[in-house]
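Beneath this line is the structure, given in structure tokens, with notes to follow.
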Amino acid sequence: MNCEKESQMTIASQSIEDFKECLYQMQEARKSVTNEILETGHIKADQVQIFKSTLEEMNDERTSKNHIRDIHSRGTTFGINIQDEIKGLQKDHHFLDAFAVESDKENNSFANVLKLCDLPGLLSKFVDDEIRFEKEVAECKAFLMDLIDTSTTGGIKPLFITDWDGTMKDYCSQYATNLQPAYSAIVMGVFSRLFTRAFAVLTAGPLRHPGILDLTALPINGPVLFSGSWGREWWLGGRRIVHDDGIPEEGSVAIGQLCEQLDEILHEGEFVQFALVGSGVQRKVDRLTLGVQTVFKQVPEDLSARYIDAVRERIHRVDPNSQYLVLENCSPLEIEVCVHSSGAVWNKGDGVAALVESLHDSLKVGKVCVAGDTASDVPMLKKAADENPENVRALFVNINKQLQENITNIVGDAKRVCFISSPDVAHAAFAQIISEFSG
């Protein structure tokens, strides 16, 4: 791989195109390594070299000590925070380097290699409080052990339905490079294959362009199922299944036309950086989500305001009479352009129902675990609790006390609820269970 395509005159910054290409090529390597480990349990040391070289690239003189990388495009230079990208690479480099060494030894099983690599110990080095992390991992492990115990369900394995960002994947400042590390993909994939009858990711983002299928390191036709747009679109059996209930055809056409219009303004000098600002540009089944500011407030307010005005102007071009599209200010960080829909508002609970129907499964059977990190994930839990009140479980990340109380009340039993501080707690617990109970 060659990530060093910068000309001498732009060495102080990196182009958007080369920045994304460098990370996307590395993500393809992650997918390849993950797939090989899932299939064979082994990798070679030379397959890990790309992680070291990409990490060195991301830590060169164009990135400051506080992880701000200078990026340029069409005469505009700006900084983006790449702390998540760097941390993911650091963890992968250490983990995969150790995995390659141990898996090269004769007659070393996958479970034993994973144990020797000590993923929980590695991940604990990246937190502020190692003792708290280890305590949470032990509690999460006990919670998951109860979940996968089939002695009370007639041998039926559980369903595991989870949110993505903030739950199974740390938040990233740029959606376009919100890339899943290989260590996460490996333990998720093996845990889902061994201990669940279905492990499904239900995210608000889209499936493609970019979407969860581009950003994950897992094989998209592998042990973990993926959805986008709050479960309105699923990738099942190698094809995209869309649930467009209540969305008029004219609205879908208008969203498509607007997406083309926005692609034009994102190639104009003034607004190029918005492709990498927060949510970027996400085309979902019934809306577009647009990032207008970063969590670190790196975009000048007047530039953000001009961008929003430009979006409004393009909406007016596509839908001059405001028949099909509406602009909503979701937060200081993003706006959404939504299709006027008929009927009830779709939520993640509807996405769960769509999945179960497509799988010809039932929430009433066996145990069901719902994982999330915000109030938008609660409809998934409510749906599962309504269908299976005695066997529903909740695993939630880094949430406030009020939401914790709400979740505990929905489940109805504190023993069937687990609260953790980061996705890596779950990854570490997955690794421990795989090492100890998969032979």
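Counting starts with 1 at the first residue shown.
Glycine residues also receive a Cβ, built from the backbone N, Cα and C atoms like all the rest.
Annotation source Swiss-Prot lists active site, proton donor/acceptor at ASP165, citing similarity to another entry. The local packing around ASP165 (active site, proton donor/acceptor), expressed as other Cβ atoms within 10 Å of its Cβ over all shown chains, amounts to 19.
The Cβ of ASP163 (Mg(2+) binding site) lies under 8 Å from the Cβ of VAL201, LEU202, THR203, LYS348, ALA371, GLY372, ASP373, THR374, SER376, ASP377, MET380, each of which sits 6+ residues away along the same chain. Annotation source Swiss-Prot lists Mg(2+) binding site at ASP163, ASP165, ASP373, citing similarity to another entry.
Residues or ranges marked as substrate binding site in Swiss-Prot: GLN282, ARG283, LYS284. With a 10 A radius on its CB, ARG283 (substrate binding site) counts 21 other CB atoms from all the protein chains.
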C-alpha spacing of ASP165 (active site, proton donor/acceptor) relative to ARG283 (substrate binding site), in angstrom: 17
Inter-residue Cα distance where the pair is ASP165 (active site, proton donor/acceptor) and GLN282 (substrate binding site), in Å: 14
